[in-house]
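Colleague: Mind having a look at this structure? Questions to follow.
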Amino acid sequence: MSQGSCFHCHEPIPDGLELTVEILNKPRSMCCLGCHAVAESIVEAGLTDYYKHRTDVAGKIEGDLVPDALKLQFERLDMAEIQDEFCTTEGNSKEALLSLDGVRCAACAWLIEKHLSRQAGVVRATVNSSTHRLLLRWDPAQAALSKLLKSLAELGYQALPYDKEVEDKSYQDKKQSFLIRIGVSALASMQVMMFAVALYFGVFDMEPHQQSYLRWVSLLMATPVICYAAWPFYLSAITSIKARHPNMDVPVSIALILAFIASSYATIYQTGEVYFESISMFTFFLLLGRYAELVARHRGNARSANAVKLLPAVVHRLTEYGVETVPVKQILAGQRLLLKPGETLAVDGVIVKGASHVDLSVLTGEHEPIAKTVGDTVFAGVINQEQPLEIEVTEVKDTMVASIVRMQEQALASRAKPVQFADKVARYFVIALLIVASATATFWYFNRPEDALWITLAVLVATCPCALSLATPTAITAGISRLGASGVIAKTADLLDQLASIDRIAFDKTGTLTHGTLSVNDVACYSDDIDTQQALALAASLEAGANHPLADAIVNAAAANQSRVLVANNIQLMSGFGVCGEVNGQRFYLGSPQYIEQQHAGAAPSHRVLLANEQQVLAGFDFIDPPRSDAAQLIKQLQQLGVSTAVVSGDQQTHTATLADKLAISDAVGNCTPEDKLAWVQQKQANGEAVLMVGDGINDGPVLSQANASIAISTGTDIAKRSADAVLLGSKLIPIATAIRVGQQTKRIIRQNLAWALGYNLVVLPLAVSGMLPPYIAVIGMSASSLIVVVNAMRIERLKS
């Protein structure tokens, strides 16, 4: 005997057990010490709102809250060599993508996020309740990962590192299961349909024993469909009913079970109609739609995953004794590799010897070979085409390919706002559908009882909101996949919605609209005490450790002029302005005219960069940096799309305006500090414009975060890439226009899918309720509606660049 159900997990409470926890101002009964401990933890943490918002019950806590074996597994995850396999390091924090077990609804996700956010050392915790993934960023100096995972386990949730191979195996298992069920339902549908046609056309002259025989055979063929092929729908429906949160599988399951029972009754007692063909077809088309959705979601990250699979497992390492072939895992940063013609690079590195053309199509989709020589960076995945290259390794684990895969997975794991809205509408639609079906059954029972069941089944089947639930997520997944194929890697699913509403795109100049490969083309000296070689030497001394196109140009020019670079001390960097430091005990300043004016009032010769000491301006430097080859074509395409353009740069206004005129950009703003760029974007947003920012530098970080959407260049700084919503791979800018078109197309298709799904239901509902829609037509209509929205969403992937 039991005395009610557990408030935490809803399992029966053993007779005589009295365990209670005060939750929401009432004593609540618990079924075991495990649930009692978890509930107390939730109350003590001030997270009782979990019980208000949950839509499914928690799992029963079996045995110890955290078994010893699981504790040991968590503790192993603190080992540095193991964390290197699944964590990325950013500053003082680490980030990991974890798979969650025990998540049953959105309230579980809320509870996990709130619980972790209150733990010391946690920087950010984001849970996707549909994919059961946790993106966790924490400070290892304040909290060990094992401690955080143990605290989650004490609440009933198990988190372990996300494993792509495990995910792929799970996908293959699901795919195989779907195909078997589809095969069973397809074979049964074809066979039963043959019998149904015979029964239909032979109804007037067929002997009763022949009709009975065909019905019994149809029952036999439909039984595996109802008992095996449709089983996942029943499990899903039961779970949602237990959670008091009915989903679309509830009307599906009700329709299938009632139709089978009624048809079986008609077969046994030789009365009424049978609809075994409708049951089989309904199950077949529904499984086909779910299978299409599964494949569509998996294809979203297949491209980046394939890039990883294409990387070789072994490399040729150069040693003092010659060349040896070793596994990639044995390679360390700083070691040198030999990349032979036709081979694929497995790591990121810098060419130290040789020159060749390489194929970057795995990373960027650009099949045109790119020339690479000494000093150029090459990434994992590039294919050497001509001459042997000697490469110094810079990154083995956290390569560009790994970053692409990680960003793609994060984008696909996130739930875009349109998806959340569509899910909410679908949930209310299911409840409304069940109410309408009940009212329909009641009405026809008192008016035409012999047809009440079949009319009700037609209502349940025809208006099942499968298409409504598929309309948005399939389009979002296809859109993210199409962005990746064009070389734009989204970091969040909301990017597509943001791109669709962009009014203006603002570009940084150097390194974005231009290649960023500046070269010094003029040095003017303003003091008799200094010459060109000395000016370059002093400037290079100040910029020796900087990571900026202007700094690189100065250092390269000094090397070309054989200027003797000195050691600079007490370096102070003024982001967006310049740098100052001491060389041979004397203080020097290098930077923009505005920066030098702060040191020497009124001294602002018309050069891009000035060099000064504490007494006077010493020299001025000018640079050349041609625009990217497709920059003008990009601006033209954006104008055709109705998007305004602007260039917002820290460079001088004259240089900025010259480039804008050359590219036909309507608005040019120069001499911008990071604060000026931020203020410019805020002003446009205050005027009602949605702004997309494209940049690459350290000083672009704030404005990339402020913009409605942002794209960072892959060769830019880490700060820019972290701040942006997407990263642009390759050297071409045209994918930005493609991204705008993909965003617009995705929004159009989501609207089309929703209009179709809602419109179909609004049209077919009156027909079904009035008894004018036979069940087999309802099956075809519902299934066709679901397939239409999936196929329509797949059009996004075929959008031409």
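Cβ from N, Cα, C; glycine included.
Remember, predicted model here, so these are calculated numbers, not experimental data.
Quick paste from TrEMBL:
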- 94-160: domain 'HMA' (DOMAIN)
- 178-201: transmembrane segment (TRANSMEM)
- 213-238: transmembrane segment (TRANSMEM)
- 250-268: transmembrane segment (TRANSMEM)
- 274-292: transmembrane segment (TRANSMEM)
- 425-446: transmembrane segment (TRANSMEM)
- 452-472: transmembrane segment (TRANSMEM)
- 754-770: transmembrane segment (TRANSMEM)
- 776-794: transmembrane segment (TRANSMEM)
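Structural setting of the listed features?
Modeller: Long-range neighbours of the transmembrane segment (213-238) within the same chain, counting only residues 6 or more positions beyond its ends whose Cβ lies under 8 Å from a Cβ of the stretch, are 181-182, 184-185, 188-189, 191-192, 195-196, 198-199, 246-247, 249-250, 252-254, 256-257, 260, 263-264, 266-267, 274, 276-277, 279-280, 283-284, 286-287.
Panel annotation: around the transmembrane segment (425-446), residues 245-248, 250-251, 254, 452-453, 455-456, 459-460, 463-465, 468-469, 761, 765, 768-769, 771 of the same chain, lying at least six beyond its termini, place a Cβ under 8 Å from a Cβ of the stretch.
Beyond the ends of the transmembrane segment (452-472), by six or more residues, the same chain brings 248, 251-252, 254-255, 258-259, 262, 273, 275, 278, 282, 286, 289, 293, 416, 418-419, 421-423, 425-426, 429-430, 433, 436-437, 440-441, 444-445, 750, 753-754, 756-758, 760-761, 764-765, 767-769, 771, 773-775, 777-779, 781-782, 785-786, 788-790, 793 to within a C-beta distance below 8 angstroms of the stretch.
Sequence-remote contacts of a segment are chain residues at least 6 beyond its ends whose Cβ falls under 8 Å from one of its Cβ atoms, and for the transmembrane segment (754-770) they are 422, 429, 436, 440, 455, 458-459, 462-463, 465, 467-468, 471-472, 778, 781, 785, 788-789, 792.
With a threshold of 8 Å between CB atoms, the same-chain residues lying at least 6 positions outside the transmembrane segment (776-794) that come near it are 275, 277-278, 281-282, 284-286, 288-289, 292-293, 296, 457-458, 461-464, 466-467, 470-471, 474-475, 477-478, 749, 752-753, 756-757, 760, 764, 768.
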Colleague: How about long-range neighbours of the transmembrane segment (250-268): same chain, 6 or more residues beyond its ends, C-beta under 8 Å?
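Modeller: Contacts with the transmembrane segment (250-268): 212, 215-216, 218-219, 222, 226, 230, 233-234, 237, 240-241, 274-276, 278-279, 282-283, 286, 430, 433-434, 437, 453-454, 456-457, 460-461, 463-464, 466, 775.
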Colleague: Looking only at the domain 'HMA' (94-160), how are its residues distributed among DSSP helix, strand and coil?
Modeller: 21 helix, 24 strand, 22 coil
Colleague: What is the pLDDT of the domain 'HMA' (94-160) when averaged and given as a whole number?
Modeller: 80
